[in-house]
Amino acid sequence: MSSAYSVRSFPVSIPAVIMETDWTEPWLLGLLAFHLLCLLLTCFSSQRYKLQIGHFLCLVVLVYSAEYINEVAAVNWRLFSKYQYFDSRGMFISLVFSAPLLFNAMLIVIMWVRKTLTVMTDLKTLQEERKERRRRRKEE
């Protein structure tokens, strides 16, 4: 079976990578399932702060490790893949591995910012109510 693309002629654009990838390979389907599980954990961990922090740190560590994972996968691709997808620039690993993880991390940060704004709004409301009660007591 011929290669989807060789390392020398690896596509430089995201649409080319997406179009030339065999998305039916079992390891890619497993990676997709992993990303879906990460997304579910991101969504359902919003009420469990410690779990969300741990999940966020795992996401960041995995993204940080992507270069090493790419190097190992480039050497051992025949063990799990039909084609050599792992180029020296890291385009493929960035697209199929790091980008979804960074998306999850971004969602978590958005949740944290939203939660912080909600707490700040609630605090300001309580301060205003307290100020109003003091003013009323003073008038009496």
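Cβ atoms here come from the backbone N, Cα and C positions, even for glycine.
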Would you confirm whether, in Swiss-Prot, Gln52 and Val119 belong to the same side of the membrane?
-> yes
Compute the average pLDDT of the predicted model within the topological domain 'Nuclear' (113-140).
-> 93
Are there residues at least 6 beyond the ends of the region 'DNA-binding' (113-140) whose Cβ is under 8 Å from a Cβ of it, and what are they?
-> none
